[in-house]
Structures are given as C-alpha cells and as structure tokens.
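Step one of this worksheet: look at the structure below.
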Protein chains: 2
Amino acid sequence: MSAYHPLTSEEAITLAQRLPGVFSENAVLNCREIGDGNLNLVFHVTTENSAESIIIKQAVPYAKVVGESWPLSLERARIERQSLEIQHRLCPDFVPKVFAYSDELAYTIMEDLSQYTIMRKGLIDGITYPRFAEHIGQFLAKTLFYTSDLGMNQQEKKELAGRYVNPDLCKITEDLIFEDPYRSSANNSYSDSIEDEAEALRNDIPLHFEVALLREKFLTHSQALLHGDLHTGSIFVTPESTKMIDPEFAYFGPMGFDIGAVIGNLLLNYASQPGWNQSNEDLTLREERLLEMVKDVWNHFESSFRSLWNKDLVDEMSRTPGYQDHYLTEVLRDATGFAGCKMIRRIVGLSHVADIDGIENDMARETAQRKALAVGKNLVRHHRNIGTVDDLLKLVHLATTEIGVSI
Amino acid sequence: MSAYHPLTSEEAITLAQRLPGVFSENAVLNCREIGDGNLNLVFHVTTENSAESIIIKQAVPYAKVVGESWPLSLERARIERQSLEIQHRLCPDFVPKVFAYSDELAYTIMEDLSQYTIMRKGLIDGITYPRFAEHIGQFLAKTLFYTSDLGMNQQEKKELAGRYVNPDLCKITEDLIFEDPYRSSANNSYSDSIEDEAEALRNDIPLHFEVALLREKFLTHSQALLHGDLHTGSIFVTPESTKMIDPEFAYFGPMGFDIGAVIGNLLLNYASQPGWNQSNEDLTLREERLLEMVKDVWNHFESSFRSLWNKDLVDEMSRTPGYQDHYLTEVLRDATGFAGCKMIRRIVGLSHVADIDGIENDMARETAQRKALAVGKNLVRHHRNIGTVDDLLKLVHLATTEIGVSI
C-alpha cells in the first residue's frame, strides 16, 4: 500500500517545521498553494516575522492540463529531485538547493525563489537580463558536458542513464512537439484565423521529413542528461542572477534539445515584439537585443563547452583533431532544428506561450503567430545545413523577410 | 550472501535431471565442460542411450582472456538469457530455446546445437551456406525492427532499454574495437612483421576521426536491442539451418553494429582466402561467393526490414515519404563503418580470428592481414559517403587493388 496522497497546506507546514536549520525556532509559518502548473502542487511556506521561506513541490499522478485522464508516473518526482541535485552539484549558482524529499509522497523541499521573476514574464515586460546568456551558457555547458561520454566515466554514465528512464514525460514531448502539430489531433489548439497555417503544416512533406529526423534524435540519441523542458517559464531571473528549475522531463537525450528550448523561446519572444507596446523603447532595438541574446547564448555555451572539453575530456578518441569542431557543429544543427519544433508547437499545439497569446490585439497576435511559424519552419527545414550561429540568425531574418514582416 | 559458485559437472547433471520433459526417465547422463570461451563455463550434457542433450552455460565473474583481473558482472547472464528469449520469440527458427535458468547462479539451460558447425570453421573449410544470407537477413530485420522505436511501443522500449544497461560488456567493445587499435596498448597483439601497419593505424588522424564518430554512435545511439557480438563464431550453421547464440553483449545500440559484425567477419574470411588451400575450388570463385554473400546479407536484411516497416510501423512521423530510404541508407553507412572497425581490431587488437591466424604460411598470413587492414580502413574512411551495398563492395575492391593483392 502506498502512503501517497496530495498534501494539504497544514501538512506542508508540518514538513517545513521539521526541517532542521531553515526556520528560526519561534517562526510562525504560513502556507499557500501557488501551483499554476499542469503536473504538480506547489506550496509556498513563509514566515510572518522573517524573510525565511521554502518551496514544497509535489507531483500529482495525472496531467491537469488534459484532466485526470492522462496518468503520469510519480517516479518523475524522484527524477526531478535527482536532476536538481546533479545540476546543483555542477552549477550551485544556477540551480535551487534541495533541502529534503520523499520519494513515496513524491515531494521535494527546496530553496524558495519568489524574489525572482519568471523569465518569460520579464521578457514580456521588456526587462533586460545582461548576465543571462553567460549564465545559461555555463549551465548548459556544465550540465551537458559532465553527464556525457565526454565528461564522465562511460560505464557510470550508462548506469546513470538507467535511472533516468522517463517514459511518461518523454511521451508528452514526443506527442506534443514531434507529432501533433503535423497532423489533425484533438490536442492541437489554435484560432480559426490561422487554419491555413495549420493545414500547411499538415501537408508539408519536406518539413515532416526533417521533423522525423529530429524526433528520431529525441527518441534515440542518449548523449547527455537533459533538463528536458528548458523554456523561459522554467527559468527564474533577476538582472544579476539566473536559476533553472523544474527538470521533471529530465532524461538522456540530445544536447541540442535543451539549447534549442532556450533559443526557441527567445525567438518566440522576438516574434511577439511588435504586439507589445508597454515600453517606449525602440522596437528595432528590442528585437536586435533578442537576436543578440540568441547569439550570445550559443557563443557562451560553445566557449564554456570547449574549455571543459580541453580541460576534463575523458574520451581518448575524442581528442582527434577536428572532432571537437564537428561535434559542436552537430549540436548547433540539432539545437536549431529543435528550436524550430518548439516554436511551431507553441503556436498550433496544445500548450502555448504568454509572449504570443498575451497580445491583446487580434491582428497583432495573428501577425506574431505567423512570424513565429515562419521562423520555426525555416529553422527546422534548414537545420542540417548551417555551420555557425550567424547562419541560424540568417534563417530567422530570411523567414521574417519572406512573409513581409518588417523587423 | 550470494549462492554463486562455478558449477561442477555433477551439479550440471543434477540440473539437467530436474528439467521436466527433456530427458527420458531412465536416461544415463554424461557431462563435459566444453567452454573454449573467455567469459563462461559451458556444460554439454548428453545421454548414453539416446540423442537427447542440452547445454548449460554459466557466466564466470571475470574475463579469462585477460586473467581474473578483468572483473565482469554476472548480470550479463540475465541479459544474455533475456535476449535469447526475446530473439527466440521474434525468430524461433534462428535462436536456441531456453529451458530454464538461474539469475543467482548465472546459468541458462538451452537447446544443444552440437550437430551444427560454428560458421567461422565452416567458412574456413570452404563450405557453402546457401540459406545463410536469407536467414541472417531475417534475423537482423526482425530483432532490430521490433525492438526499435519503429516497431515497438516507444514507452515500453525505454523501459526495456533500462533492463539492458550492460556497462561491463560494452566497455570490452569500447576498448578493444574503438580505442586500442589506434594507440599503443598492452591489449594489442600482432607480429613484428606488421608493426608498420600498427604504426600507420596509430598515426592516421583522418581514420581516427571516422572511428571517433563510430565510437560515439556505439556509445549513444540507442536504436534497437542488439545481439552485440554477432561474429561468425556466434553463429551455428548447417547448409539448411542457422542459429545465432551468445548475445551476452546485448544492449540498445546502433543497428549497423550487428549488421557490420556479420559483414566484417565475412570480409575477414574473404581476405584470408589466398592463405587456404584445402579445396580444389577456384580461388576467384570462392572470393566472389563471399562478396556475393555480403551483398545478399544486406539485401535480405533490407527487403525484410522494408516489409516489416510497411506492415508493422508504430511511428506515425516515420511514414513520411523518403524517410524509410534515408533511414536504411544511414544503417548501411553505419554497418560499413562498423564492419571496418571490426576487421581492423581482429588484426592488431587483442582478439583475433582463426580465418587469418590459422593460415600456416607466414607470408600468406601476413598478406591476408594486410589485405584485411586495407579493406577495413577503406570501409571506415568512406562509410559516410556510400549509398548502396554495391558502393560497399567497390570500397572492398579498391582497397585490394590499391595494395596490389590480386582477387
């Protein structure tokens, strides 16, 4: 018999009180369930008389977004918690600390980041994050390098991969990103005004071919331990600090999937820019800043990854001259293709982004949707031919020029 | 406390006697340990008064070939037994039946194939196997297709892959095939007369680059459940029947690795032909027959695989026109590269083959060694550029012409 049950706020407070060394002895604790998500309860435990606080995240055994009919293994709570621990060990500055957990009750108690902003919201609000590209570049380089055959013992990597078999969460990605947008599916969701775009996606055989290749990589390329869902809603920021959260989709997959998630979400925000008027800043400048950010993310990742490779490589054959360049070009190509897939699915698939859906004006929102699709399709279509991040940005420019959207 | 200990012949007989429905009631059983191998005890249990017999194969916790200092997990006995069961379910004609097993004692009791010949020996003796290409082509197509994301539920495949984490045995392959031949290593073994070849292998950077790519595929491309060691010593044959045994190296890896093992071993025998004079048959005919067999193995695999794909595909995106052709070309390229790696390692690495080492005349043996290396290197060097199995055979011809070996 499992002791699992959804926690109440009272139970969350009791768990927090039992935590050694976090709250002062006489602290009066309050608790609020703040989960907006689809898969979890999130309890925010605070004190009345001090700044101390924690988060208790508990998995529920189904996906809320599609009702209780989509069952999900609670095993993902263990996978998320162990991923946080590995990522925190590799990048203590960029990942919240885990204080305690229960695999049976599927909860993790961790550092509270409520003084941070969710990056998606920050970007929508036009806030600049000058340290972000450097931080995420380092996070990606360290977490991907040190969990790959390049940076960790290759026998231990196999054992570790065996503990990150994550079929339920992988299936969400396989369906929602690599299949539904390209066919008629009850999971898809978009307004009638872009039915022409959805139909074009369903009939675009050359595009399906490239998606099939990327899907195969997601299914079989066991390259490194991924975060697995690294969109801008899984990133907490201040102008000085960056924290990556929610790695419940973690599994061993292609490095480019994580990098592509970051790039794709920056480009979704880029595509949405003409729809937002809350800032007096020049539109062109904001768009250029976002494209510059895409470039910087890749460049910081690449230079960090190369220096880890030159310092800590464990694979002798990978020292072969030319192999590092080849490897990184392949990762960039994958990242480009995955970025495109992630943009497309956020327009016609089940799960959308506030950057686009939050645009109030119907015409402006539709323009942003078409722009995001044009960019996404161009990235998917040509991902295997690019050689540098400038090529990636050229694909973005060409896509927006082609459909006549001024930038 | 583990009950594991190496079985005695007396214990093997007792296990055989307990087996329901295999031996007649009054059978008098004899037992002989016949393991010539490096990793296992093999007990052949026969009767004095009938044709009934079985094999009991037990794993030992070390690799004999390098002394007791190379420890090996007994877990491989479970992996081998479960692989046999899966392969037997998919191809009952081509895989021995498992009667009983103990994971604790790391043994499997299975069908005796002593009326068969080990294919390597048969090929050395110049025997023809007219059904072999068809049988192995079907075996490869069925075992690889139905354990891949093309032919099995993609969530169940992930769970299954988690039960085939096989780090000890994979490490043997990683070291002996994808690293040692390209550097100075105590594991390497070859005569002084080909030191020039060994040195050339150590210094050939473009070759190392291709080997690094193939090694990365072996390490990360979790495509299907492989046999993992499908050389002609793991294949038992009669002119009418073919059985694949010993899948203890099984793990989820690139399909081309199994296909390349078969092709590489046929080509090792091809390279050895001028050294064998036990037959009056025309040498050119025998060589051509072996090259024809390589072609037939691929063609039977390909046509079986395509018909399984057209019949039982579970992956919707893989129905995209053109994707099947692309997929099979990639498998052929991988198979070509892996075949080359396997040829090279059998000449300069730890473990050799009787096809070559059994040649008595020193000069003829050296010629065969150089021929095998020339072919192997050419396959590795150009594997990414071929499009058909005829291209593969062209690489074989070019390699043998280049070094002036007449065929």
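Keep in mind that glycine also has a Cβ here, set from the backbone N, Cα and C atoms.
Annotation comment: TrEMBL describes A:31-265 as domain 'Aminoglycoside phosphotransferase'.
Long-range Cβ neighbours of A:LEU113 (ATP binding site) (same chain, at least 6 residues apart, Cβ-Cβ under 8 Å): A:ILE55, A:PRO96, A:PHE236, A:LYS243, A:ILE245. Positions annotated as ATP binding site by TrEMBL: A:ASN40, A:LYS57, A:GLU111, A:ASP112, A:LEU113, A:ASP246, A:PRO247, A:GLU248.
Annotation comment: TrEMBL describes A:ASP229, A:ARG345 as substrate binding site. In the three-state DSSP assignment, the secondary structure recorded for A:ARG345 (substrate binding site) is helix. Within its own chain, A:ARG345 (substrate binding site) has A:LEU176, A:ILE177, A:ASP180, A:PRO181, A:SER351 as residues 6 or more apart in sequence whose C-beta sits under 8 angstroms from its own.
Between the two most distant C-alpha atoms of the annotated ATP binders (A:ASN40, A:LYS57, A:GLU111, A:ASP112, A:LEU113, A:ASP246, A:PRO247, A:GLU248) there are 18 Å. Taking CA atoms as the reference points, A:ASN40 (ATP binding site) and A:ASP229 (substrate binding site) are 15 Å apart. Using a 10 Å Cβ-Cβ cutoff, A:ASN40 (ATP binding site) registers 21 neighbours.
Here the domain 'Aminoglycoside phosphotransferase' (A:31-265) returns a mean pLDDT of 94 for the predicted model. Comparing A:GLU248 (ATP binding site) with A:ASP229 (substrate binding site), their Cα atoms are 8 Å apart once rounded. Each residue contributes its Cα atom, and for A:ASP229 (substrate binding site) and A:LYS57 (ATP binding site) these two points are 17 Å apart. The most densely surrounded of the binding-site residues A:GLU111, A:ASP112, A:ASP229, A:ASP246, A:GLU248, judged by C-beta neighbours within 10 angstroms, is A:GLU248.
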